[in-house]
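Visitor: Got a structure for you, written out below as structure tokens; questions coming shortly.
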Amino acid sequence: MSSTVKTDTGRNDSPAAGEAARTGRSVRAVRTAGGLSVRLDVRTLVVCVLLTAVALSASVLLIGTGDFPMGPGDVLATLTGSGTAAQEFIVNDLRLPRVLVGLLAGAAFGVAGAVFQAVSRNPLGSPDVLGFSQGSTAGALLVLVFFQGGTFAIAAGSVVGGLVTGLAIFLLAWKGGIHGYRFVLVGIGAAAMLYAIVLYLMTKANIVEATQAVTWMTGTLSGRDWDQVWPLAIVCALLIPLSLLYGRPLRMLEMGDDAAYALGVPVTRVRVVLLAAAVLLVAAATAAAGPIAFLALTAPQLARRLTRSPGPNLLPAALMGAALLVTADWLSQQIFGADQLPVGVLTGLLGGGYLLWLLASQRKAGRI
Amino acid sequence: MLVDSPPEAANAPAAPRRRQITRSAGLVASVGALVAVTALGIAVGAKQVPLDQVWHALFHYTGDDTDVVVRDVRLPRTLLGLLAGAALGLAGTVMQALTRNPLADPGVLGINAGASAAVVSAISFLGITSLTGYVWFAFLGAAVVSVAVYVLGGTRSATPVRLALAGTALSAVLIGYINAVNLLDTAALDRMRFWTVGSLASATMTTVREVAPFLLVGAVLALAVGRPLNAIALGDDQARALGARLTRTRVLAMVAVTLLCGGATAACGPIVYVGLMVPHVVRAVTGPDLRWILPYSAVLSPVLLLGADVLGRVVARPGEIQVGIVTAVVGGPVFIYLVRRRRMAQL
């Protein structure tokens with residue numbers, strides 16, 4: 001947290017101003033006539049607005065990218081309904097679903113990562129490390145290899161695999177409550193088993209299926225259509241607001257169970273609800289886009305650094321995830337050429353570098 | 001793990017002797033188990049070979065079909081299983097002692113993934129196809145990752161959790177890299193996907209001959225550092241007071257781990273959890289003295305590996321489940337059990 005005290009230009013007699021003086025942040029309380037009040041952290045607000053802007057700009061650029069390039073002006077015109085028939089087809093049928101899957105999956109991974117990291121109280125406690133992604137992958141590959149299932153069946157396999165894994169890890173790590181390090185280590189054990197199963201399925205597949213499987217395992221936005229958008233959109237619309245509602249109690253959980261309990265947080269219920277929501281979000285996003293490497297790990301961490309705010313930062317993490325994924329997809333098309341490599345390769349490389357830095361820089365602080 | 005004091009410090013004079021007898025008897029029994037599982041490894045498979053036929057093929061080779069199966073397929077496979085199993089067990093034991101971390105394992109700490117990533121690069125970018133070619137890359141990858149994990153995990157203050165996390169994180173990065181290479185090079189993917197599973201199936205006598213020297217040197221080193229590693233188990237300060245040379249011991253131990261993991265991985269692909277499980281079982285019998293744990297692990301790890309290999313052949317007949325998958329599926333629950341135990345004992 002920043003130690004410099006910012007001047008609060010708001011009403012100095014408000015409680016928020018007092019908090020600002022204590023914590024060195026600009027926090028304002030907005031009160032409506034009806035007696036409702038919302039705490040506004042100015043820095044967080046600015047970060048959220050900026051991330052939204054980045055996500056939307058990258059989306060416009062991404063829609064304009066492809067065999068039939070379009071300028072941002074054309075894209076915006078087409079989106080508002082005044083493009084030519086050809087442009088309408090390209091934007092609405094081909095490229096808009098890809099962008100929407102990117103935005104939604106990114107947001108879902110961001111929120112889920114923030115929840116996992118907060119619950120495990122470990123910056124590395126992301127779905128990749130904990131085995132949920134491997135569970136989803138195993139489920140999807142099982143359908144792909146043994147039943148030659150179509151897109152929808154593969155997505156269903158991924159969701160079921162992720163949920164079963166989530167439940168299993170949760171039950172195995174349960175011992176009168178969920179405890180941070182046990183949760184992470186049980187997840188690591190499960191991840192290794194599931195990865196072995198994934199590898200086995202790979203040897204059973206023919207080479208076409210195997211290539212398809214590796215692409216899927218890396219995470220890709222290529223060739224998404226509306227069939228993938230709708231289920232993901234519904235899951236996100238239900239579960240992201242639910243997670244945000246639990247943001248405050250989750251923040252208290254980070255102080256430790258006893259402190260949270262003393263403050264009146266129903267510790268176990270908050271964990272169970274949030275973990276269930278996070279697992280479902282990961283499963284839905286993985287079904288639509290594959291287990292995009294490291295997104296859930298990095299988005300919450302970057303969001304936290306930008307807002308310089310303690311706690312899980314759920315909304316900034318969601319926006320960061322969406323912005324990161326769409327930007328990475330656009331970048332990977334610019335760098336590798338259109339759809340040469342799935343977006344997961346780029347997030348994997350960037351996320352890997354970030355992860356190593358995180359490990360190196362935080363080991364002294366003893367936070368990992 | 002250090003609940004019972006080392007035998008030297010025990011007060012009752014009768015106890016160490018009884019323990020000595022138990023340990024020796026246990027070791028003899030383990031060797032018996034090894035012989036039995038070796039025989040199974042040769043006899044059981046898609047084609048069952050009666051034991052007298054095995055004997056015939058080994059000592060009165062006439063070149064009929066069964067003799068060929070035994071000599072050219074089963075025998076190298078079993079030999080490689082023996083060597084690689086012992087290597088992984090020794091490597092796991094040394095790593096657990098070196099890092100004082102009960103969860104240390106070449107797979108968990110990412111060393112297998114490092115060796116794999118290096119081999120994938122060699123196959124895809126340099127077109128290297130022979131084992132002698134890529135065994136060096138496997139060593140390089142294993143060495144780089146073992147140092148990296150040790151440094152990233154925090155050399156002094158390395159907690160089990162932190163080391164396991166550093167290893168898992170590095171593995172995740174390396175697996176991502178392997179996937180990317182595979183996507184760019186489908187031909188490499190076709191070869192790699194069988195190798196990355198971890199299997200003894202493609203073993204030949206050439207494989208065995210090429211990898212054996214590295215594994216033997218690694219094994220000798222590992223057995224030699226047992227005594228100084230015992231001292232390190234007491235903590236750095238105590239060890240120094242006892243006259244152990246910390247840096248030299250650590251370096252030698254790392255070299256041993258690199259040779260053992262790199263060699264085993266180059267020959268059969270990444271195999272996880274063997275090095276994790278066996279030392280824990282062994283410690284329950286022998287107590288904390290590495291001079292006993294190391295030989296026990298060297299004998300019992302091949303029992304596990306060959307047993308898993310035979311199991312994989314029997315379960316999925318006429319096909320087979322690769323040994324790396326069997327050990328991962330068996331080892332995962334053991335890992336979770338260790339994590340769930342009341343208090344994870346520090347080594």
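Cβ coordinates come from backbone N, Cα and C, glycine included.
Unlike curated records, TrEMBL annotations are generated automatically.
Positions annotated as transmembrane segment by TrEMBL: B:25-46, B:79-98, B:110-128, B:134-152, B:164-184, B:211-230, B:251-273, B:323-340.
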Visitor: Restricting to the same chain and to residues at least six past its boundaries, which positions have a Cβ under 8 Å from a Cβ of the transmembrane segment (B:211-230)?
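Guide: Hits for the transmembrane segment (B:211-230): 6, 80, 83-84, 86-87, 90-91, 93-94, 97-98, 131, 135, 139, 239, 244-245, 248-249, 252-253, 255-260, 262-264, 266-267, 288-291, 293-295, 298.
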Visitor: Under 8 Å for C-beta pairs, could you tell me which stretch among B:110-128, B:134-152, B:164-184, B:251-273 has the largest tally with the transmembrane segment (B:79-98)?
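Guide: Stretch with maximum Cβ contacts: B:251-273.
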Visitor: Under 8 Å between C-beta atoms and at least six residues away from its ends: which parts of the chain pack against the transmembrane segment (B:164-184)?
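Guide: Result: 101, 103, 108-111, 113-114, 116-117, 120-121, 124-125, 145, 148-149, 152-153, 192-193, 196.
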Visitor: For the transmembrane segment (B:134-152), could you work out the same-chain residues 6 or more beyond its ends whose Cβ comes under 8 Å from its Cβ atoms?
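Guide: For the transmembrane segment (B:134-152), the list is 99, 106, 109-119, 121-123, 128, 158, 163, 166-167, 169-170, 174, 210-211, 214, 254, 257-259, 261-263, 265-267.
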